[in-house]
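Report on the following structure.
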Amino acid sequence: MLKGKIAMVTGAGRGIGKAIALKLADLGASIALNYRTHNEDIDKLAKEIEDKNVKVLLVQGDVSDFNQCSDMIKKVNNELGRIDILVNNAGITKDGLLMRMKEEDFDKVIDINLKGTFNCIKHVTPIMMKQREGRIINLSSVIGLVGNAGQANYAASKAGIIGLTKSVAKEIGSRGVTVNAIAPGFIKTDMTEVLSDKVKASIQDNIPLRRLGEAEDVAELVAFLSSDKAGYITGQVINVDGGMVM
Ligand code: NAP
């Protein structure tokens with residue numbers, strides 16, 4: 001389905017980003033893996049992807065840094081020849097009630113989640129517009145749609161991603177580039193591992209499908225949105241949440 005395509009996934013070292021990278025590689029895409037912190041897991045992932053007979057490129061960098069994003073995207077384009085798919089997945093949480101939230105915790109979450117998404121979009125769009133083809137997929141969250149006590153910074157960043165997605169979709173649709181957002185619910189990764197069993201159980205009770213999501217549930221939608229089959233879908237926010245928000 002994606003044979004010969006070149007995809008870049010940010011924050012690909014673990015969790016949802018890793019599942020996305022593996023899924024796109026399974027479908028035949030070569031993968032640029034962005035990671036921030038180097039550890040042996042990223043080398044293992046690169047090897048696993050290489051074994052699927054596609055190319056893999058490691059690009060280290062912090063997505064919140066505008067110039068590092070420029071360098072990373074130049075490197076991917078130079079070494080892999082083009083960029084067909086950009087998945088803006090890198091993200092963090094720094095939770096706390098507004099009354100106690102420090103300014104730096106608000107700024108950090110906005111810088112990585114929202115500005116990081118802008119940075120990568122900004123540098124990849126000239127390439128995709130020249131190709132007259134491209135897919136940009138941004139990881140938002142259901143929290144960006146409905147808010148959450150203790151996550152004002154995160155909710156603002158994820159709601160911002162939705163506005164960014166729709167605006168850029170309107171700007172570059174005529175050049176053959178689609179821009180969509182995915183809003184996952186609660187997915188089992190390091191990000192949600194910090195929640196107590198009691199909290200997880202109460203979340204699960206409020207999910208119609210009665211389970212937390214797997215990273216692979218999100219990766220399946222990324223694969224579809226990356227494919228030719230999704231060529232007439234742009235500017236959309238699609239939930240992968242077991243029916244939690246409807
Ligand atoms: P995760 O397991 O915590 O992984 C986050 C990834 O982002 C890590 O690989 C991390 O790299 C990377 N990252 C963080 N800051 C970065 C930066 N400045 N530059 C480059 N990479 C950076 O999170 P996840 O659950 O897989 O979440 C992935 C995305 O889905 C996030 O955008 C998240 O907000 C969104 N999402 C998740 C859920 C959920 O329930 N899990 C729900 C809705 C939305 P390091 O290893 O170097 O830290």
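Backbone N, Cα and C atoms are what each Cβ position is placed from, and that goes for glycine too.
Marked as domain 'Ketoreductase' by TrEMBL: 5-185.
Counting only same-chain residues at least 6 apart in sequence, those with a Cβ under 8 Å from the Cβ of K158 (NADP(+) binding site) are N113, S140, S141, I143, G144, A183. Positions annotated as NADP(+) binding site by TrEMBL: G11, A12, G13, R14, T37, N89, Y154, A155, A156, S157, K158, I187.
Summarising the annotation, TrEMBL assigns active site, proton acceptor to Y154. Within the same chain, the residues at least 6 positions away from Y154 (NADP(+) binding site) whose Cβ sits under 8 Å from its Cβ are T93, K94, D95, V109, N113, S141, I143, N148, listed in sequence order.
Each of the binding-site residues G11, G13 was scored by the number of other CB atoms within 10 A of its CB, and the lowest score belongs to G13.
Between the binding-site residues T37, A156, the minimum number of other C-beta atoms within 10 Å of a residue's C-beta occurs at T37.
Reduced to three states, the DSSP call for G13 (NADP(+) binding site) is coil. The binding-site residues near ligand 1, defined by a Cβ under 6 Å from one of its atoms, are G11, G13, T37, chosen from G11, G13, T37, Y154, A156. Spread of the NADP(+) binding residues is 25 Å (greatest Cα-Cα distance among G11, A12, G13, R14, T37, N89, Y154, A155, A156, S157, K158, I187).
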